[in-house]
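Participant: Features from Swiss-Prot:
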type: ACT_SITE; residues: CYS91; note: active site, acyl-thioester intermediate
type: ACT_SITE; residues: HIS343; note: active site, proton acceptor
type: ACT_SITE; residues: CYS373; note: active site, proton acceptor
Amino acid sequence: MKQAVIVDCIRTPMGRSKAGVFRNVRAETLSAELMKGLLLRNPQLDPNTIEDVIWGCVQQTLEQGFNIARNASLLAGIPKTAGAVTVNRLCGSSMEAIHQAARAIMTGMGDTFIIGGVEHMGHVPMNHGVDFHPGLANNVAKASGMMGLTAEMLGKLHGITREQQDAFAVRSHQRAYAATIEGRFAKEIYGIEGHDATGALIKVLQDEVIRPETTMESLAVLRPVFDPVNGTVTAGTSSALSDGASAMLIMEESKARALGLPIRARIRSMAVAGCDAAIMGYGPVPATQKALARAGITVNDLDVIELNEAFAAQSLPCVKDLGLLDVVDEKINLNGGAIALGHPLGCSGARISTTLINLMEHKDATLGLATMCIGLGQGIATVFERV
């Protein structure tokens, strides 16, 4: 079987969804700039050899509608001979794009793919036009479509306290801020034009959503937002609303080597799994277990892990049941996570994978895992290996 490898991976800075730096920048532009960036950074690649552009996006309407993958690729000047498709596995959409490209390469159905994802949550809110079938209530809990309530449920089932959630959120902001000021995000962030608070055009080079002033004391005063009476999940322990895109150049290994392109990581294994929709945040556990089994390794073999922080109340049960509580500070989300950076839905899968690969390089690590939960009860996971 042929090997699928990551040649390059970049992301936009994460912009605040409410009056943020990308308030005047469309989702197609965020996407197209990254596509162009990959080609500029890898001039050995002939764009005419691109098989397909696979782009994750959840809210495929308004500016994100009518196959945003094709719209963005045309904006980017990618040859019209390349295909383009938009995929939707909710929060796991751009990781699904990674998997689709990898499967195509492994089975000989193409050797060069641009993949990624985008979500402009400021322009297209996450609940825009959502209309669940009434019959779903016969099969899943009625609150399963409300992500915050599923986090409350998962946290209660696993005995996660408010204080544990607050501490996890503080850690996310502190680590993301440290990564910013120490330049650890510099290699993965691709600068995009946006606008500052005065409306002036600027090149955005840093994430806008990190709150370095976050403390246990500042979080303690926040009220629960999803279950005001008995809940523990607050805005401060939930992933921030942000706008952003991420992208990767994925190729067949021998072709990349023949062109003299870097092999930043090999895709070792992939998996998806389902779980009860009422505790959708638990999905990373069964997905990770399947991916590890397919890779022939155990969780102890992993050097670095990126777990998407939809909610602290969701992340901590996954960490616990994967047997990772004792190594959180050595292995997990070392540059912070979505609580600090935000979770632009269609962007996040490739974003956490990009952050993971850069962390693996920084730490000279061999094996890494990127995994995330998915609304209505799914998980997705990818094991990467540096070679």
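Note that the numbers count up from 1, one per residue, in the order the chain is shown.
Yeah, the Cβs are placed from backbone N, Cα and C, and that goes for glycine too.
Surface or core, plus neighbours and distances: that's what I need for these features.
Facilitator: Reduced to three states, the DSSP call for CYS91 (active site, acyl-thioester intermediate) is strand.
The 10 Å shell around the Cβ of HIS343 (active site, proton acceptor) contains 29 further Cβ atoms across the protein chains shown. Secondary structure at HIS343 (active site, proton acceptor), as computed by DSSP, is coil.
Residues within less than 8 Å, Cβ to Cβ, of CYS373 (active site, proton acceptor) and separated from it by at least 6 positions along the same chain comprise CYS91, MET280, GLY281, TYR282, GLY283, PRO284, ASN308, ALA310, GLN314, CYS318, GLY379. Mapped onto three states, the DSSP output places CYS373 (active site, proton acceptor) in strand.
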